Structure formats: C-alpha cells, structure tokens
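Heads up: the structure comes next, in structure tokens.
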C-alpha cells in the first residue's frame, strides 16, 4: 500500500493522509461471511460505562475470519479478492476453496488476487500458507500464531505484524514476538507464513478529531481539568497538579493492576520497556 497526502485546503486536511487502497480489489464483502455488529458504546448489560472513550462511529458489519484453518488441510484454494475490513488494521483475503467453500483470512504481505493458498503439514513455505510450527523451518517469518493447539490464531494479527521462529527443541518452539519478547509455544500450534500486509497503515496521519470519531473513539479528558464530583484529581483554584499520586476516576492508584497469566511461564525473555527500550 501507499499513503496519499491531502493538500492543506482546510485546517483538518493539513498534514492528514489516507491509504490509497491500491491492493483492494472489491469494495463489498462476501454476503455469506458477514454478520451484524451492534455497537454498545462501552456499556455493559446494566447500561453502565465499563470502557471509557468509546461510542458513535460508522456502522460496521463483522467479517467472519478463519483463524484456525485446520479443517481445510490438503484442500487447495485461490485468492479471489483482497478486501478492506473496518474491524481491523490489516486487509483480508477471500479464499475460494476447491470444494466450493469461501472463507476470509488475514491478508499477508505479497498475497495478491489469484495467488494459490493451502494449509496442512505438507504445505509449501509461501505467504498465506498455514501449517504447524513443527513443519516450518527455523528463521521463517510468520504471523497468526496459536497460543494453544487448535485454539486459533491469537498473536501477530494486526497490520505489519510478524513473529520470527527462532528454534525448536523437543515439544516447544521459541518465538520472537513483535514486542521483542521471546516466548515458547507448543510445536503443534499452527501459524501462517509471512508478515501481515498493510504495514504502512501505522504511518497514516489522521489529521483531525473527527476522523477518530468515525472510528468510534471518543475524547480522553484529563482528570485534573474535571470537577471534584467527576474525578479525584478535579477541582482546585486555577490550574493544579491534582495534589496527590495519580489515581483512576474511581480512586485506584495508577500503575500495574493485572495479575500474571498462566501462559506467562512460557516467556523466556520479557519485552524491553521504559528506558531499556533503547
């Protein structure tokens, strides 16, 4: 993909850019693979806000993506179209299988209309092909990796993301994640060859707040500019620093709040954070 820059005809257009969508070959999705998607505006079943800064945005339909691909082993397919998906940063590819079935997959870099695609232990090491990690050569760039065998692709699914297969030992494979983290997964887990396409998406300049609203993202307001009734940092005469250690709108101290997951024991080396990133 390439990025098209707008001329500064208005303040909102100045500096903004958009994808040229040159890779897209069809504008309407496959009707049999589309499901309705109802926006909840960040509310739960009680109508209370559980996720802030969400709401509005353009109406979307969900495209059913095949993240497992384990029931199509040995059945050849061909890429019929590369399509835009409003629900993710990556593009998607519509596959027509030899048995007549149609399915969507994440479109990797280099996959074009008419490309052959296959899955299974005997598949070639070509972009878009899906096979178990035990059958993928060391050093290969992959995406859409499972965390558990048969669980479906969980890692490296966004635009430009990729994972490197560093090695295999016994029943585990060692992977370098996009964040730099090194972790082990079962060699029976499946992955797709290549890196996810549409890598230039991260370089798009959205230009104005309105384009964020089209995506369903609402403003993020700082607590120190609120009133005391709305936030613990609110109130005070003139500009204040909040007068206390940073807390959430509900008074919980800012910082790490999540417990370790069971899968964390598979991490060999943590990703670099903070000053260690350099």
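Every residue number used here counts from 1 along the chain in the order it is shown.
The backbone N, Cα and C atoms fix where each Cβ goes, glycine too.
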| Which residue range, 171-224, 225-278, is the one Swiss-Prot calls region 'Disordered'? | 225-278
| field | Per Swiss-Prot record, range annotated region 'Disordered' [choices 1-58, 59-116] | value | 1-58
| request: For the compositional bias 'Basic and acidic residues' (253-267), could you work out the same-chain residues 6 or more beyond its ends whose Cβ comes under 8 Å from its Cβ atoms? | output: 147, 172, 181-185, 245-247
| field | Within-chain partners of the compositional bias 'Basic residues' (37-58) [C-beta distance under 8 Å, separation at least 6 from its ends] | value | 86-87, 213-220
